[in-house]
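Peer 1: The structure that follows is given in the form of C-alpha cells.
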Amino acid sequence: MAPKDVKFIDDSIKTDNDDMTTEKIVYKPRIQWSNVAVNLFIHFGSLVGVYHMLTLQPKWQTYIWFLIVTVLCNLSVCIGVHRLWSHRSFKAVRKLRLLLLFFYTMAGQSSVYNWVKVHRVHHKFAETEKDPLNFRRGFFFAHVGWYCLTFHPECEKEMKRIDMKDIEADKDIMFQYNNYEILFFIFNIMLPVLTPCYFWNESLWISFWVCFVTRFAINFTQLNFTNSANHFIGRRPYDKGQSATDNLAMVFFSFGEGYHNYHHVFPYDYRSGEFGDIGHYNLSAVLIDFFAKFGWVYDRKMVSSEMISRRVMKSGDGTHFLSHEEAHKNAIYGYGDKDIDPDDQEDLDNMKN
Ligand SMILES: [Zn+2]
Ligand SMILES: [Zn+2]
C-alpha cells in the first residue's frame, strides 16, 4: 500500500470546541516533495553510476576509492551515529569521535543530531504511531516512505520529548548540526568527487555518478534495509513479540547490524548482536575492540550470556536453539549413549520387554 493512502485516527488531537467530547480527527500525512525528488534522483541516478562501472569506464583507482569511501562511510554509521551516539554503548576519545564524524558527514545521512533523535524514538516506541519508522505502515514506508511524508503528530511530540542532552552537550556534533548544509556539500559531494579528478585525472562526469550518487545510494540503502527488511524478514530468537528480526543477509550487508532482534532487546550492547567476532560478520564490533586496544574506546557495555539465555527462554521464538552449539551439547546418538538422562535411562530399562 502506498504510504500517501494511509490515514490514521489520532485520539490525542482535539478540535477548538472540543472539551470533554471524544471527537476524533483524521491525520493524513502530507508528502514532502523535495525529499521525494532527492530519493528519486539518488535511486535512479545510482543506475547511471552502476552502468559506468559495469562498462569499465572509471579508472582503476576510482574503483578502489569508491570501495574505500563506501566501506568507511558505512562503518561510521554503524559504529559512530548508531552504536556510539544513539545508544551510548561505549565511549570514545575525541580523536576517534572526530574521525567518525568526518566519515559520517561524508555518508550524508542528515546531521548526527537528527539521526540520533529519529533512532532513539524508533527504539522507544517501535511498532506504534510514535515510531517514525513504524513497520505497521508497510515495508515501503519503513524503507524509504517515511522520508517523504510528514511525521505523525504523536511521533513529533516524542521527537521533542526524547532525551538529547548528551548530544546537545557535544560541541563537535552541534557544530555539524549548525553547519550541516555546507558540510554536506563539502564532505559528501566535493571531497569524494574531486579527489579522483585531482589525483588521477578521473572525468568529473564519471566521478560524480560513481563516487557521489552511487556511493551515497549504497550507504543510504544499507540504512534503509535495516529499517525495513530487519523488521519483516528473519528470525526473532530473543523476543518474538518485537517486529525486529535477525537476518544474516543484512548482517553481511551492514557489517554486523543485522542482528536487529537482539539489538532491539539489548540496545546498549556495543556488539549489536550476541557475538562480536568476525566469524559472525560483526566487523563493527571487531573494530570497536581494535580501537579499545589503543585506549581510543573504553567503557564498552555488554550483556552477559546468562542474561541472554534468560531472555531467550522467556520470549524467544525458539530459533535460537537451532543455531547455537550449546543447544546440542546433550544430544544423544541412540540407546546406550552415556549422555542419556539417568531418569530416562531408568524408564527405558523398565520398559524393556
Ligand atoms: Zn539502534
Ligand atoms: Zn529497528
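Our numbering is plain: 1 for the first residue shown, then up by one each step along the chain.
Even glycines carry a Cβ here, placed using N, Cα and C.
From TrEMBL, here are the annotated features:
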- 340-353: compositional bias 'Acidic residues' (COMPBIAS)
- 59-295: domain 'Fatty acid desaturase' (DOMAIN)
- 334-353: region 'Disordered' (REGION)
- 33-51: transmembrane segment (TRANSMEM)
- 63-84: transmembrane segment (TRANSMEM)
- 182-201: transmembrane segment (TRANSMEM)
- 207-226: transmembrane segment (TRANSMEM)
Peer 1: DSSP on the region 'Disordered' (334-353): how many residues come out helix, how many strand, how many coil?
Peer 2: 10 helix, 0 strand, 10 coil
Peer 1: Go through 33-51, 63-84, 207-226 and flag the stretch with the largest number of C-beta pairs under 8 Å relative to the transmembrane segment (182-201).
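Peer 2: Top-ranked stretch among 33-51, 63-84, 207-226: 207-226.
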